[in-house]
């Protein structure tokens, strides 16, 4: 017996109509602020382009310069072969970065995925650096090198996370670690081949300078092919946005489709890096803003995100041209980061519903260890042994020697300051990493990842530039202020979202990118003071003195003595704000106190060993993976692991290329990153 479908009466129709209209109005209101922002950016880009073109060439000559420039008029030649290609390349690269960002985020279901956070861009840059160092000619050679570097890094990162079904926490951790590793190799090559790679400073920050149309002619067919392949993968990628089981039930060969889409995104990323260098942030920001504008469907995001990326890079480059005329030449990637970081921080509180998989999903660690004291004693003995070996065992002109007696006394004034400096820096960074991870409840948080080390380093470098003469007395306050300001901005930006890991990482990466770009701008400026700073930024203990070590030790002892007093806070805060309030904890004062403590630890360590140490991320994870999750055991084992790691890194740095030295901060990345990747891979099985 057939049943007639009941139709809603007039009142019900009216209610449904009102509900639909209310949802429509709500969508308009949610997208109003980003739309107004885009409109303002578009107007600013058009106005700056008009101003820059008018200064470069009288408007009466624009038509001739565009179609058939007079070779006898230099201004027309510059307009045709430099400014117009630069405008075109900015639009192409911006659109390409927006497209790549959507591809990565859709396939991985991860709002933090983009070429820089996954390490793909850094791998491509490293490949190009190697070809530049070996002076291998040819445009195809650099393209092949960029593709090779990006593919190797991509295979490593995705291979680590594949066993955990591309878990967001594992994927981003692996990407950040491999990116730091490639960056350390790059920095090492620059230190030993500074003159040959001087031009890489400006290029590596992203520069759109063009001398002809060859770059545009080479890039646009490649991007067009990428767009066509993306459209062919539209249905599989739409299904990839669903649960894996649902996608398989709908007939999708999930692994094959995911591999194809990721390969396309990696290839496009490498081609973009080869064209203009690393321009971060756009691949992260453009898809995010497209989603905030209401583009929920994949096809809508694929159309809107490239337009947003092109607009942002267009505006950034026009600002560069204006700054070059009124101040000095800076890289486009630097301005992109400086524009994008405040915009992202402004938009973060407006992300009402930021959907992402659980950051702690399928996160397995070892069972909680007992007999903590025995492990702590063993770790302390290992640290003392590493220190004694670093003091006594080494190389000279005749080979390997074990120093003792008179020889050891002669070597001691040269060795003990740098070894103790490395040890203390490792301990402080490890403890700071533990505090930050517990304060934020985020396993990916650390001084390096959240940009706190970069903020401290920027504060120190800025003080060196602003204060004449001997400014040592101001370095610790400047570094502490930079670190505290960075962490405070991150917590304010992410606080309205309940300190979710996604918001914390977005804010941290925005600030980290901005500080890193500012430091690279100072390096590329040619200022003679930056030659001294470069070694410190790479994490060298070469200039450590007895007086500096003594002062650092006093500060470290005072700061570490405060940590046990905060044990209750550090135990409760990872449970969330509601749990903390339920047990009567004053949430804001405790967070501010822990914020200040972590900032001072980070600043003191950064002054000693620079911002590239990596220990603050790795040491807490090593302790946690070994089974130490309670507050004080976690702190103690992390501190011991950080101290051992940096002492060993400093010794290897002195011995590996004797008589030349590799900075301990860089070498700690070489030592720590492979082991950390191994632990991540082991967890995924």
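From the backbone N, Cα and C atoms, a Cβ is placed for every residue, glycine too.
Keep in mind that what you see is a predicted model, and the values were worked out from it rather than measured.
In Swiss-Prot this protein carries:
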TRANSMEM  35-55  transmembrane segment
TRANSMEM  87-107  transmembrane segment
TRANSMEM  143-163  transmembrane segment
TRANSMEM  222-242  transmembrane segment
TRANSMEM  265-285  transmembrane segment
TRANSMEM  302-322  transmembrane segment
TRANSMEM  328-348  transmembrane segment
TRANSMEM  373-393  transmembrane segment
TRANSMEM  416-436  transmembrane segment
TRANSMEM  592-612  transmembrane segment
TRANSMEM  632-652  transmembrane segment
TRANSMEM  660-680  transmembrane segment
Is the transmembrane segment (222-242) packed against any residues at least 6 beyond its ends, judged by a Cβ distance under 8 Å, and which are they?
92, 95-96, 99, 103, 106-107, 109, 250, 252, 254, 257-258, 260-261, 264, 267-268, 271, 298-299, 302
The answer for the transmembrane segment (302-322), taking Cβ pairs under 8 Å and residues 6+ beyond its ends, is 38, 41-42, 44-45, 48-49, 51-52, 83, 86-87, 90-99, 101-102, 208, 230, 234, 279, 282-283, 285-287, 289-290, 293, 295, 329-332, 335-336, 339-340
Is it true that the transmembrane segment (416-436) and the transmembrane segment (143-163) have 3 or more CB pairs under 8 Å, sequence gap of 6 or more?
no
Would the transmembrane segment (373-393) count as touching the transmembrane segment (632-652), i.e. at least 3 C-beta pairs under 8 angstroms with sequence separation of 6+?
yes
Sequence gap of 6 or more, Cβ distance under 8 Å, 3 or more pairs: do the transmembrane segment (265-285) and the transmembrane segment (87-107) meet that?
yes
Using a Cβ cut-off of under 8 Å, list the residues of the same chain at least 6 residues beyond the transmembrane segment (373-393) that approach it.
400-404, 408, 411-412, 415-416, 419-420, 423, 628, 633, 636-637, 640-641, 643-644, 647-648, 650-651
Would you mind listing the long-range same-chain contacts of the transmembrane segment (87-107), meaning Cβ under 8 Å and 6+ residues beyond its ends?
49, 113-115, 118, 208, 210, 213, 215-216, 219-220, 223, 226-227, 230, 237, 240-241, 258, 261-262, 264-265, 268-269, 271-272, 275-276, 279, 282-287, 290, 298, 301-302, 305-314, 316-317, 332
Who are the chain neighbours of the transmembrane segment (328-348) in space, where the CB to CB distance is under 8 Å and they lie at least 6 residues beyond its ends?
34, 37, 90, 202-203, 205-208, 276-282, 284-285, 288-289, 292, 312-313, 315-317, 319-320, 489, 493-494, 496-497, 503, 506-507, 510-511, 513-514, 516-518, 520-521, 524-525
Excluding the flanking five residues on each side, which residues at least 6 beyond the ends of the transmembrane segment (592-612) place their CB within less than 8 Å of a CB in that stretch?
180, 183-184, 187, 421-422, 424-426, 428-429, 431-432, 435-436, 439, 447-448, 452-454, 456-457, 459-460, 475-476, 479-480, 482-484, 486-488, 491, 536-541, 544, 548, 552, 555-556, 559, 562-563, 566, 569-570, 573, 646, 663-666, 669
